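What TrEMBL records for 106 is active site, proton acceptor. If you look up TrEMBL, you'll see 28, 29, 30, 31, 84, 85, 86, 87, 97, 98, 99, 100, 124 marked as substrate binding site.
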């Protein structure tokens, strides 16, 4: 199966985890796109009634066009389930996210969800995190000084640019740096260090967060539970 077919299969399967009258967090990314499309079909068919919050303007716009009831995060008192993608996930269920530049909103929604479900294809499964790069959302003010500080720590930061050579901007109009580490031996130590660096809004290490992962394989979606 092609990668897009794997993504579509897990996106469709993940909607089976959504129950009537849930409040659902909608992630961001190419795999989540298929999940939102399937959710929209079931809402339009009258099979599901849900309230949803979004992790990006892109997902919000897609969901609204499909007739999914969307609410600002501050207007909901709980989130039953969030479905999102991941750029990497290791054997300990630790993940890296932020390839779509929505990491801060994604982490806020994830940490306020009772359960988190990630949908990925097999290429996202790794033994150790790091090869994809660790995204950081950083404020523009002082970003050059922050870049130098990260370089001094041998974290190999790269300022993310779009196809036109312009800085990628988040929904909050911040920049994205990507740390290129090949392999990350101690993700919790790096996460703690990044948490204490002024100018970094959020990092893409999603540690001890996910409950369930659906992996797209040639034999169909595989459901893996994180027993913790």
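Note that Cβ sites are derived from N, Cα and C of the backbone, with glycine treated the same way.
Please treat TrEMBL annotations as automatic predictions, because they have not gone through curation.
Here the features listed in TrEMBL are painted onto the structure.
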| residue | record | CB count, 10 Å |
| --- | --- | --- |
| 28 | substrate binding site | 29 |
| 30 | substrate binding site | 15 |
| 84 | substrate binding site | 32 |
| 86 | substrate binding site | 26 |
| 97 | substrate binding site | 29 |
| 99 | substrate binding site | 21 |
| 106 | active site, proton acceptor | 30 |
| 124 | substrate binding site | 21 |
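Pairwise Cα distances among 28, 29, 30, 31, 84, 85, 86, 87, 97, 98, 99, 100, 124, the recorded substrate-binding residues, top out at 15 Å. Those residues of the chain, other than 28, 29, 30, 31, 84, 85, 86, 87, 97, 98, 99, 100, 124, with a C-beta within 8 angstroms of the mean position of the substrate site C-beta atoms are 27, 32. In this structure, the C-alpha atom of residue 124 (substrate binding site) lies 18 angstrom from that of residue 106 (active site, proton acceptor).
DSSP assigns residue 84 (substrate binding site) to a strand in the three-state reduction.
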